[in-house]
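Peer 1: Once you've had a glance at the structure underneath, I'll fire off some questions.
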Amino acid sequence: MSMPDAMPLPGVGEELKQAKEIEDAEKYSFMATVTKAPKKQIQFADDMQEFTKFPTKTGRRSLSRSISQSSTDSYSSAASYTDSSDDEVSPREKQQTNSKGSSNFCVKNIKQAEFGRREIEIAEQDMSALISLRKRAQGEKPLAGAKIVGCTHITAQTAVLIETLCALGAQCRWSACNIYSTQNEVAAALAEAGVAVFAWKGESEDDFWWCIDRCVNMDGWQANMILDDGGDLTHWVYKKYPNVFKKIRGIVEESVTGVHRLYQLSKAGKLCVPAMNVNDSVTKQKFDNLYCCRESILDGLKRTTDVMFGGKQVVVCGYGEVGKGCCAALKALGAIVYITEIDPICALQACMDGFRVVKLNEVIRQVDVVITCTEPRSTVLSSFQTSLRTPELTWERVRSQVDHVIWPDGKRVVLLAEGRLLNLSCSTVPTFVLSITATTQALALIELYNAPEGRYKQDVYLLPKKMDEYVASLHLPSFDAHLTELTDDQAKYLGLNKNGPFKPNYYRY
């Protein structure tokens, strides 16, 4: 994986804003320390095995639509009970307290906590593996003493993760990694439960950085672990609070851009703590990116446009795991799907899956929908983010996250979520898939926090196959699935441990 030469430093300037937009499109492009002895509650075969280091190296019709789809590096959000435009008073200007008298939070409306609690309870029903992990490990409290500062999407699913970390002994302070994806009622429920959460849907850029800073900068409390989605939190701590950064025991990052930033720090010799690359784990790439987008793309499109896709011509930019999921869903509804690709391997996969691979300029005038599933600077999405905010163009709000962009001659496009993440801003994503990613994050935090001194250097590590297999095994009971067990002779012949790992690190699923 090649790394950019220049390291984007955090701040409120244009550079980080562009980096965050790139991360949004990469994730769901459519258009989530004191040395301690290792805990014994959660064991893997060969559990002393170190994590493997990962060396990285518009259209024929007057009404066209452009959207950006993403895997949830996260986590997604449908429209909250109250849209951000319903109340013009900034949460920063409100004086709110929860039922216990605490005001150590900043959310849209603490009175929505009861609604948020119901959503969290619904999410828990489809996150049985994470709940199982919570029950199995909370007696040992493997995160006792951990002070985790997090920056992720704040939804019912991430709330289950946050409350699991708290049940395992951690203290948590949380902000949102995206200004549109927060579920306000869920943030209120977390605040009511005592979590210091600073987030609401529709934050300004200044609000975004203020919320991160409030999580990090608190008298008498200093973070020793970071859980990040996009790298903004990590770089904010690195730049603004270097003394805190040096004392961080471990970083867990689940996004493409965040991982790139960590490798940039490592390459520059400035990464002074071990970091775990969750983004490139098998459970993240093969489940979150593929299956999540396969379902959430249609949810987001239909909620926002009410469009019928049978017979519509759609061009999908990118045929990675996100693109594959989107194309499968669209094809199933009878859409005519074109693919653009720069990678000959992905292009060949698209051809053999029955899609026509084209250049964007060959079909842009005839298609009804443009969907980007790749980094935005290489696609039509870049023009949306750079040239649509001009004086000669009129923006007309149709509904929440849906805009008409109108040219002087009357031509128009429907732009969803301002060209950002469609499924995070306009719909929901499958809770079960997010349970897989959340369980991986929780285990990575436990491993880094409890690792003996010297196991991990100041570098970026990839999760081992053994942990990926363990996470997958926790989710199989939901399907009443029964694994076949190797006999001793079979294991000897194959050169495998009967308990795994079952594939070498170079194996590509």
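Positions of Cβ are set from backbone N, Cα and C atoms, glycine also.
According to TrEMBL:
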- THR155, ASP229, GLU254, LYS284, ASP288: substrate binding site (BINDING)
- GLY320, GLU321, VAL322, GLY323, LYS324, GLY325, GLU341, ASN423: NAD(+) binding site (BINDING)
- 64-83: compositional bias 'Low complexity' (COMPBIAS)
- 289-429: domain 'S-adenosyl-L-homocysteine hydrolase NAD binding' (DOMAIN)
- 53-103: region 'Disordered' (REGION)
Peer 1: Of GLU321, LYS324, GLY325, which is closest to ASP229 (substrate binding site) if I measure between C-alpha atoms? They're all binding-site residues.
Peer 2: GLU321
Peer 1: Let me spell it out: for each of the binding-site residues (THR155, ASN423), count the other Cβ atoms within 10 Å of that residue's Cβ, using every protein chain shown. Which one has the most?
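Peer 2: Comparing the binding-site residues THR155, ASN423, the most crowded Cβ belongs to ASN423.
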Peer 1: Suppose we draw a 10 Å sphere around the Cβ of GLY320 (NAD(+) binding site). How many other Cβ atoms does it contain, all chains included?
Peer 2: 19
Peer 1: In sequence order, which same-chain residues at least six apart have a C-beta under 8 angstroms from GLY323 (NAD(+) binding site)?
Peer 2: VAL316, CYS317, ILE339, CYS346, CYS373, THR374
Peer 1: Per residue, counting other C-beta atoms within 10 angstroms of the C-beta, which of the binding-site residues ASP288, GLU341 reaches the highest number?
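Peer 2: Its Cβ has the most other Cβ atoms within 10 Å: ASP288.
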Peer 1: Between LYS324 (NAD(+) binding site) and ASP288 (substrate binding site), what C-alpha distance do you get in Å?
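Peer 2: A Cα-Cα distance of 12 Å.
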Peer 1: DSSP helix, strand and coil counts for the domain 'S-adenosyl-L-homocysteine hydrolase NAD binding' (289-429)?
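Peer 2: Helix (H, G, I), strand (E, B), coil: 59 helix, 32 strand, 50 coil.
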Peer 1: Which binding-site residues (THR155, LYS284, ASP288) fall within 10 Å of VAL322 (NAD(+) binding site) by Cα distance?
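Peer 2: Cα within 10 Å of VAL322 (NAD(+) binding site): ASP288.
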Peer 1: Could you tell me the C-alpha distance between GLY325 (NAD(+) binding site) and GLU254 (substrate binding site) in angstrom, no decimals?
Peer 2: 19
Peer 1: What's the CA to CA span in angstrom from ASP288 (substrate binding site) over to ASN423 (NAD(+) binding site)?
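Peer 2: Roughly 13 Å, rounded to the nearest whole number.
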Peer 1: Tell me the Cα distance separating GLU254 (substrate binding site) from GLY320 (NAD(+) binding site), rounded to the nearest angstrom.
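Peer 2: Each residue's Cα considered, GLY320 (NAD(+) binding site) and GLU254 (substrate binding site) end up 17 Å apart.
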Peer 1: Specify the count of other C-beta atoms within 10 Å of the C-beta of GLU321 (NAD(+) binding site).
Peer 2: 22
Peer 1: Rounded to the nearest angstrom, how far is the Cα of LYS284 (substrate binding site) from the Cα of ASN423 (NAD(+) binding site)?
Peer 2: 17
Peer 1: Taking each of the binding-site residues ASP229, GLU254, LYS284, GLY325 in turn and counting other Cβ atoms within 10 Å of its Cβ, which one has the fewest?
Peer 2: GLY325
